[in-house]
Protein chains: 2
Amino acid sequence: MPTPVRGRLADDREILLYDSDTGLGVDRRDLPRRSPLPVTTVRRDPRTGDRVIVAPARQERTYHPPRQMCPLCPDPDGRSSEIPAADYRVAVLENRFPALSTVGVPYRAVPEANPLRVEELGTGRCEVVCFSSDHDGSFAALSDEHARLMIDVWAHRTAELFARDDIAEVYCFENRGAEIGVTLAHPHGQIYGYPFRTRRTRDLLRTAAAYRAEHGTDLFESILADEIADRTRLLVRTEHTTAFVPFAARWPVEVHVYPNRHVRNLIDLTAAEADDLALVYLTVLRAFDALYARPLPYIASWHQYRADAEEGYLHAELFSVRRSADKLKYLAGSESGRDAFLNDKTPETIAADLRAVIA
Amino acid sequence: MPTPVRGRLADDREILLYDSDTGLGVDRRDLPRRSPLPVTTVRRDPRTGDRVIVAPARQERTYHPPRQMCPLCPDPDGRSSEIPAADYRVAVLENRFPALSTVGVPYRAVPEANPLRVEELGTGRCEVVCFSSDHDGSFAALSDEHARLMIDVWAHRTAELFARDDIAEVYCFENRGAEIGVTLAHPHGQIYGYPFRTRRTRDLLRTAAAYRAEHGTDLFESILADEIADRTRLLVRTEHTTAFVPFAARWPVEVHVYPNRHVRNLIDLTAAEADDLALVYLTVLRAFDALYARPLPYIASWHQYRADAEEGYLHAELFSVRRSADKLKYLAGSESGRDAFLNDKTPETIAADLRAVIA
């Protein structure tokens, strides 16, 4: 596990540099103090039980700043960016415009005086993860060794956040591309420490438990074995890692990446498994950019669980809204109104197209 | 219930004109015959149980045609558009690029030889609903009486599709605006007759049943009464109809419209209720376009159920991805990866902003 250099920004947010040669300078900006009151709440939709995060302060977040004002580039003077350092390899900092309150009372459900209007307060964690100090870089452009460092950084963050009582789920993800709403061009991902279990996680765990009750085996192990046996949608198969297009892909580009050994989270990977996972992850992302010979907008979404979770298997979902060289998929009436996805591409076609560009 | 003029297009798709003065001409286009084989399938995601519609033929659908080639404008010659008529008020036709096969075998789940790869075949229904022959019109620009005709048309389509054994759910909706992926500018909505219950519908019915078991009352009646009592998010309240921003709004603009009397579907409305619903619906859509003094991209999503459904309350959800005059909301990592929505606007602010522009 790497040991980062730790510091605080001008408004007391935490910042960590990993594998740093230069160390942290002083953030000399005159930032407003963070509100001691919760800036976000979580409401429960009485029609579905789903939680909705209400985060009005985010309306003011930084929006497509000009390159010379990039808040994620290194800033040796500590006067213009979020990262007061001459350079860095990987930097992690608390988000200035968090989707979840990070100061204030611990998370708790407010007593349900009215079951139709349940609002929950409390803290979570929102981190920005800068993959590289190169403003024009991307995850796919990282060296093998730098991508491996990223696996370590995610594992380190996961371990630290899982140790907190108020965090139910640690979500490492990357939004890439203006087409899906990214407002900062500098290559970066995010980590959310949700104070509740998200619906997707609850769905996966519930389905896995039902599968175990019915079939006596692990759902995710079974899916992995089935995709390997079928081969139709298989993309990459190495000693420790497998990547495939899932049987019921929802997106016109979608790949799932599993370690071959059943682990719950990134912390539990051996060094050899982490090496291999980094390489396969790079292979898939490079294939993404090769599909249309230009950067593909994508979302990378990691699923992981505490060691004592009842179910769950570490895996990454990588997917894109691009459905052809010049067209995007939109989540319109069927998806946004009914949660019923339409995919214009068959999973087998998606797999064939990706296999054609995997180096 | 209105009686439409019925006809067939060159490839045997059905077309209906409502309240027509001119009647239908002959479609003289040389269209390819529809495939007798299913063009879509439904796959079940083994990780969640969700259904995904795989519809590869839709990749070729008409994409932003020039105005003079609009397939939804009236075409007296029957040579260039989908609607061979000198004019029309409301036209309904089977979608040329359906998301659900409309010919082929009846819907059935293929026997689950492999529970991880369940694929279902079968027929559903996908209709295009042209609100007006005016290419530059919109639903909000319809006259009161024309909007009332639309309620009748939806009710007529609902009754006809509910009568079919192979359709589990009738979904009337409108996608409006290129920002959410609309590829035909002519004002139109759609109707899907899904051969299965969508996840959202299953969620609503399950939650309503649980609510009844716990509280002994109807969930949707309770929500409506609670929003009326609270008033904070109330927008419009008339003799027969109520519109409000829901307590846990997921979108930066979101309004729900309920008839005051509990009915399951559009067919069950009295004439006075339908009159009133049309007016309130227009009021909300006109407020949408007034918010930023230009057409708002939106999705209008109707929830309705067969008369003998165990739960359910007719209502419309109207929502937009626009979060400010110059910014859109995107469904990125938290929403698309975790089903955890973030809303940058509080529901109470949304309500206040809409109340300010309701005439």
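Easy rule for this one: first residue shown is 1, then count along the chain.
Yeah, the Cβs are placed from backbone N, Cα and C, and that goes for glycine too.
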*Listed co-binder of Zn(2+) (same site as B:Cys70, B:Cys73, B:His135, source TrEMBL) among B:His146, B:His156, B:His186, B:His188*: B:His186
*Round to the nearest Å and give the CA-to-CA distance linking B:His135 (Zn(2+) binding site) with B:His188 (active site, tele-UMP-histidine intermediate).*
10
_I'd like the per-state residue tally for the domain 'Galactose-1-phosphate uridyl transferase C-terminal' (B:207-316) from DSSP, helix first, then strand, then coil._
45 helix, 23 strand, 42 coil
*asked:* I'd like the per-state residue tally for the domain 'Galactose-1-phosphate uridyl transferase N-terminal' (B:48-197) from DSSP, helix first, then strand, then coil.
replied: 33 helix, 37 strand, 80 coil
*Please report how many Å separate the Cα atom of B:Cys70 (Zn(2+) binding site) from that of B:His188 (active site, tele-UMP-histidine intermediate), as a whole number.*
12
*So around the Zn(2+) site, B:Cys70, B:Cys73, B:His135, B:His186 aside, which residues have their CB within 8 A of the centroid of those CB atoms?*
B:Arg67, B:Pro71, B:Leu72, B:Ser81, B:Ser133, B:Leu184, B:Ala185
*Could you tally the C-beta atoms, other than its own, that fall within 10 angstroms of the C-beta of B:Cys73 (Zn(2+) binding site)?*
19
*At the level of the C-alpha atoms, what whole-angstrom distance separates B:His188 (active site, tele-UMP-histidine intermediate) and B:Cys73 (Zn(2+) binding site)?*
11
*Given the recorded positions B:His135, B:His186, B:His188, which one's Cβ is surrounded by the fewest other Cβ atoms within 10 Å?*
B:His135
*What is the Cβ neighbour count of B:Cys70 (Zn(2+) binding site) at a 10 Å cut-off, with all protein chains included?*
19
